[in-house]
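Notes follow once the structure below has been shown.
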Amino acid sequence: MTDRTVRRRPSTAHLEAAIGVTLDPDLLHRALTHRSYAYENGGLPTNERLEFLGDSVLGVVVTTALFHNHPDLPEGQLAKLRASVVNMRALADVARGMGPGGLGPYLLLGKGEEATGGRDKASILADTLEALLGAVYLQYGMEVAARVVHTLFDRLMAESAGRGAALDWKTSLQELTAALGIGVPEYHIDEEGPDHAKTFTAWAVVAGHRYGGASGRSKKEAEQRAAEAAWRELSGPEEPEVAPADEDVAPLPEASLVVPSE
């Protein structure tokens, strides 16, 4: 048995349904080929050139949509909106929502990357999504590529505008809690697993209530997801049902709440 047949890949039908087009099999294969897999299988073409192309396609389509949808916003606010949509974390979340199981199961990864959780690594998911957009552009042109971008990103663009063009969920939550007069969010984090594959679970604590229980591969990712959960509940039309924070859970020291940018 060769390395290529050790792991059975799912049918790409669900993936192609998620993007709304059928791609040439060879082009699709290349878009899904991470460099770790290529190097372990005789130097196959990687998806990096398609990623480069797809990054430009995504940027143009999102920028054009924001320009037309927000005619009164100045350049600086438009740039913040675009940055809140076109970034690694946002792209990875979109990739995770692409059909049953997300994009991860379709990735072609080397054994080392596979063993360290590469199928849910934000950077790999984001890069592969851009490679798919590059493949769509190559096969069908800009009109169809733009349609795919809108299918995948319109909801995110609308949400980003609703969050006041904040660059991330933690910033958005802090702006919201300030507007509501309920204090500054704090974050409680648990971690488990071996050093090479840790999982972090975070809760956002706001006004004595705890939100989230969200997991991620890094403290920063888990905190962002917890902040998103808190923002969605606090900004909803009804009073959210939340479990109060445990009284014996002390706030994290201020220094430990600051997570360096990735």
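Every residue gets a Cβ built from N, Cα and C, even glycine.
TrEMBL does not curate its annotations; it predicts them automatically.
As written in TrEMBL, here are the features:
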- ASP55: active site (ACT_SITE)
- GLU130: active site (ACT_SITE)
- GLU51, ASP127, GLU130: Mg(2+) binding site (BINDING)
- 236-249: compositional bias 'Acidic residues' (COMPBIAS)
- 12-141: domain 'RNase III' (DOMAIN)
- 168-236: domain 'DRBM' (DOMAIN)
- 212-262: region 'Disordered' (REGION)
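Each of the recorded positions GLU51, ASP55, ASP127 was assessed for Cβ neighbours inside 10 Å, and the highest tally belongs to ASP127. Taking the mean position of the Cβ atoms of GLU51, ASP127, GLU130 as the Mg(2+) site, the remaining same-chain residues with a Cβ inside 8 Å of that point are ASN47, GLU48, LEU50, PHE52, GLY54, ASP55, ALA126, THR128, LEU129, ALA131, GLY134.
Here the domain 'DRBM' (168-236) has, by DSSP, the following mix of helix, strand and coil residues: 31 helix, 23 strand, 15 coil.
Straight-line distance linking the Cα atoms of GLU51 (Mg(2+) binding site) and GLU130 (active site), rounded to a whole number, equals 5 Å. Within 10 Å of the C-beta of GLU130 (active site) there are 26 other C-beta atoms, taking all protein chains into account. Looking just at the domain 'DRBM' (168-236), the mean pLDDT is 86. The CA atom of ASP55 (active site) is located 5 Å away from the CA atom of GLU130 (active site).
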